[in-house]
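Visitor: From Swiss-Prot, for reference:
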type: BINDING; residues: TYR35, TYR166, GLN170; note: L-tyrosine binding site
type: MOTIF; residues: 40-49; note: motif ''HIGH' region'
type: BINDING; residues: LYS229; note: ATP binding site
type: DOMAIN; residues: 341-405; note: domain 'S4 RNA-binding'
Amino acid sequence: MNLALGILEKRGFLKQCTNLEALSVLMDREKMVFYVGVDATSTSLHIGHLIPFMAMAHLQRQGHIPIALVGGGTTKIGDPSGKDVMRKILPKEDIEANVKAIKEQLLRIIDFSHGYIIDNSEWLDNINYIEFLRDIGVYFSVNRMLGFETYKRRLKDGLSFIEFNYQLLQSYDFYMLNKLKNCKLQIGGDDQWGNIVSGVDLVKRKLGTEVFGLTLPLITRSDGKKMGKSEKGAVYLDSKLYSVYDFYQYFRNVPDLDVKKFLYLFTFLEDDEIEHISSFQGYLLNKAKETLAFEITKIVHGESAALKASSAASAAFKGGEGDKSDIPFFKLALTSLEGTILLVDLMVSSKIVSSKSEARRLISSGGVYVDKVRIGDQNYCLNKDSFANGAIELRIGKKKILRIIL
């Protein structure tokens, strides 16, 4: 197998390929131009998007040429893959703002001095519908399209005609990138298999060129929790939507069984180092988790931000001397302390828990600390004297901490 593809396989990135043997031979002969597409449905990517772009980075490190295709055009349609209902159609202005924000995030992850970032609205916005149907639609079989899982599932719940067109547009993207940049490989999540295969087929039938599609596995957690979701919602790459500290802590607190897998997927550490640190047992495995959290935070937010997050976590949970300013905080109104405030009420209002019953249960079980003092009384109250230093630290167990400031 080609060296670059071997790296992807070793690190857990390979799921399906249209013709792995032929792709491997071609990648041994030439520097492959390849692309990953992402629609601009949000102002930020989330960690689920990291998998294809980490694969992109590994291929680029082996000399291959990446294209990040941001879907300013396809977002106006909406991909039905993995969705039970039609996506909300965004205003043009929102899509343009999202495209700009996503491009800025990608520039932190991929070196595009040796690659491209392209917005597919460059060609999709100018399509003549009649010509598109005659030139492109003729190559698509409705019967075949309905055989793909995305459409089969959605037909039961309702599939709009606008969504049904999405596969044609994504296939057209591959066709255009092959014409413009000699792109011969599309990489995407496994839910994109139908769209990718259709693009491969279109390029071959329209241009007579063999191109390839490669999909990546759906990443899961061993504890059954959905990857990329936290108690605070989606784990975004934008620090304004999901703080750098919380991002660091998300990876610091992954299940023990996932540490090795995530080190391979979310870092650029060498195999030997990953095998070594993931072999740690007991409390020593925390060192591997800290390495994982630091490395992926460095990739997404930069080394300086990763160091600050690591320092803040050390100060919060190990009693270190790090800067605590990066620890999440909740600002409490002074009027709330005119008398006293129940700790249970403060826990709910600060959203460190979702309900009073959860707060009481945690207090009763001995899992709640105020300034490192365990609180066992469900009726425990705080007043102005509690905030003599202007803030308190509220901690639940070993993983969740919040500064309450005045």
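Placement of Cβ uses the backbone N, Cα and C atoms for every residue, glycine included.
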Visitor: Look up TYR35 (L-tyrosine binding site) in the DSSP assignment and report helix, strand or coil.
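Guide: DSSP assigns TYR35 (L-tyrosine binding site) to strand.
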Visitor: Grab the L-tyrosine binding residues from the record (TYR35, TYR166, GLN170) and give me their largest CA-CA distance in Å.
Guide: 18
Visitor: Quick check for the class: what is the C-alpha distance, in angstrom and rounded, between TYR35 (L-tyrosine binding site) and LYS229 (ATP binding site)?
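Guide: TYR35 (L-tyrosine binding site) to LYS229 (ATP binding site), Cα-Cα distance: 26 Å.
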Visitor: Output the one of TYR166, GLN170 that, of all these binding-site residues, has the highest number of other Cβ atoms within 10 Å of its Cβ.
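Guide: Answer returned by the neighbour count: GLN170.
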Visitor: Between TYR166 (L-tyrosine binding site) and LYS229 (ATP binding site), what C-alpha distance do you get in Å?
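Guide: Their Cα atoms are separated by 27 Å.
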Visitor: Calculate the distance in Å between the alpha carbons (Cα) of LYS229 (ATP binding site) and GLN170 (L-tyrosine binding site), and round it to a whole number.
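Guide: Given the Cα positions, LYS229 (ATP binding site) is 27 Å from GLN170 (L-tyrosine binding site).
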Visitor: Helix, strand or coil for GLN170 (L-tyrosine binding site)? Use DSSP.
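Guide: For GLN170 (L-tyrosine binding site) - judged by DSSP and reduced to three states - the answer is helix.
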Visitor: Drop a 10 Å sphere on every Cβ of the binding-site residues TYR35, LYS229 and tell me which sphere holds the fewest other Cβ atoms.
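Guide: Taking TYR35, LYS229 as the binding-site residues, the minimal 10 Å Cβ count falls on LYS229.
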Visitor: Would you identify the secondary structure of the residue listed as 'ATP binding site' according to DSSP, in three states?
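Guide: The three-state answer is strand.
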Visitor: Where does the mean pLDDT land for the motif ''HIGH' region' (40-49)?
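Guide: A mean pLDDT of 94 is what the predicted model shows over the motif ''HIGH' region' (40-49).
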